[in-house]
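Database features (Swiss-Prot):
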type     : residues : note
DISULFID : C4-C19   : disulfide bond
DISULFID : C11-C24  : disulfide bond
DISULFID : C18-C31  : disulfide bond
Amino acid sequence: EGECGGFWWKCGSGKPACCPKYVCSPKWGLCNFPMP
């Protein structure tokens with residue numbers, strides 16, 4: 001399918017993985033830019 005989570009999409013259990021340029025933020029459960 002190639003569907004991925006965009007900026008601020010819900011991520012985690014049962015959700016699509018975040019798009020490559022984002023990571024799933026455990027604090028918010030949303031796709032966000034990687035934090036250093």
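Each Cβ is built from the backbone N, Cα and C atoms, and glycine gets one as well.
Note that this is a predicted model, so its numbers are computed, not measured.
This view paints the features noted in Swiss-Prot onto the structure.
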residue: C4; record: disulfide bond; DSSP class: coil
residue: C11; record: disulfide bond; DSSP class: coil
residue: C18; record: disulfide bond; DSSP class: strand
residue: C24; record: disulfide bond; DSSP class: strand
residue: C31; record: disulfide bond; DSSP class: strand
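Counting every protein chain shown, the number of other Cβ atoms lying within 10 Å of the Cβ of C18 (disulfide bond) is 21.
Of all the disulfide-bonded residues in the list C11, C18, C24, C31, the shortest Cα-Cα distance to C4 (disulfide bond) is found for C18. For the pair C19 (disulfide bond) and C11 (disulfide bond), the C-alpha distance works out to 10 angstrom. The local packing around C31 (disulfide bond), expressed as other Cβ atoms within 10 Å of its Cβ over all shown chains, amounts to 24. Annotation: C11 carries the greatest number of neighbouring Cβ atoms among the disulfide-bonded residues C11, C19 [cut-off 10 Å, Cβ to Cβ].
Listed in sequence order, G5, C11, G12, A17, C18, L30, C31, N32 are the same-chain residues at least 6 apart in sequence whose CB falls under 8 Å from the CB of C24 (disulfide bond).
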